[in-house]
Amino acid sequence: MSVHINAEKGQIADTVLLPGDPLRAKFIAETYLENVECYNEVRGMYGFTGTYNGKKVSVQGTGMGVPSISIYVNELIQSYDVQNLIRVGSCGAIRNDVKVRDVILAMTSSTDSQMNRVAFGSVDYAPCADFELLNKAYQEAQKNNLPVAVGSVFTADQFYNEDSQIEKLARYGVLGVEMETTALYTLAAKYGKKALSILTVSDHVLTGEETTAEERQTTFHDMIKLALHTVS
């Protein structure tokens, strides 16, 4: 067991999907997996293990933001030797060529978090996705006629931020804004593990367009199926 996860060794699979919302973790496990077992309820941050197409897969809620996901990724790797970590979450689009309901494969991530400045000092470390997972996800999307955008995302340290650089980031090719990918990719690199963020565009920062609950659910289904096909 670790501080925030009370699973026994062997209860967590080598591959873990990481939604931010613990209730979304519960939904994923109950909807997509078979032979489901709940291994964690500490602080209400649910974790489940089941099988998908015969492959053992876990789903662990992470909470929101760099500090929260860092806790769970550290513990999953250090205490349970997880090898593959796939974030499945939402983001806000910041470019006109990225539409609401699109799915983004995050190739790399920039951030205003101080996480890597603390670790690397004056060096601007650029964390990126594992190429094998990224390529597999892209190929699966192509095979299933699922449109995806591949590129950079921005991991914001604040959800409400009046002093943002959104327009400049968009000019530099950043596709969307979220709150966790930089931490995931950095920690995966630190420990020699594989990581990928697959994101559903739930709203558009520039136009104000948002998805309805029903539309989010449909696109969310595409994202989860893509993640599961990538690792199965």
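Heads up, the Cβ atoms here are built off N, Cα and C, so glycines get one too.
Keep in mind that what you see is a predicted model, and the values were worked out from it rather than measured.
According to its DSSP assignment, Ser202 (purine D-ribonucleoside binding site) is in a strand. Listed in sequence order, the residues of the same chain lying 6 or more apart from Ser202 (purine D-ribonucleoside binding site) and placing their CB within less than 8 Å of its CB are Ser90, Cys91, Gly92, Val100, Glu210, Thr211, Arg216. The purine D-ribonucleoside binding site annotation in Swiss-Prot covers His4, Glu162, Glu178, Met179, Glu180, Ser202, Asp203.
Feature annotation from Swiss-Prot assigns phosphate binding site to Gly20, Arg24, Arg43, Arg87, Val88, Gly89, Ser90; the stated evidence is similarity to another entry. Within 10 Å of the C-beta of Arg43 (phosphate binding site) there are 12 other C-beta atoms, taking all protein chains into account.
Residues or ranges marked as active site, proton donor by Swiss-Prot on the basis of sequence analysis: Asp203. Cβ neighbour count for Asp203 (purine D-ribonucleoside binding site): 17 (other Cβ atoms within 10 Å of its Cβ, all protein chains included).
Swiss-Prot lists Arg216 with the feature site 'Important for catalytic activity', giving sequence analysis as the kind of evidence. For the recorded site, Arg216 (site 'Important for catalytic activity'), the DSSP three-state label reads helix.
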Rounded inter-Cα distance in Å - Asp203 (purine D-ribonucleoside binding site), Arg87 (phosphate binding site): 18
Set of same-chain residues at least 6 away whose C-beta sits under 8 angstroms from Gly89 (phosphate binding site): Leu18, Pro19, Gly20, Glu178, Glu180, Ser197, Leu199, Thr200
Distance [Cα-Cα, Å, rounded] between Val88 (phosphate binding site) and Met179 (purine D-ribonucleoside binding site): 12
Of the binding-site residues listed as His4, Glu162, Met179, the one whose CA lies nearest the CA of Arg87 (phosphate binding site): Met179
Number of other Cβ atoms within 10 Å of the Cβ of Arg24 (phosphate binding site) across all protein chains: 19
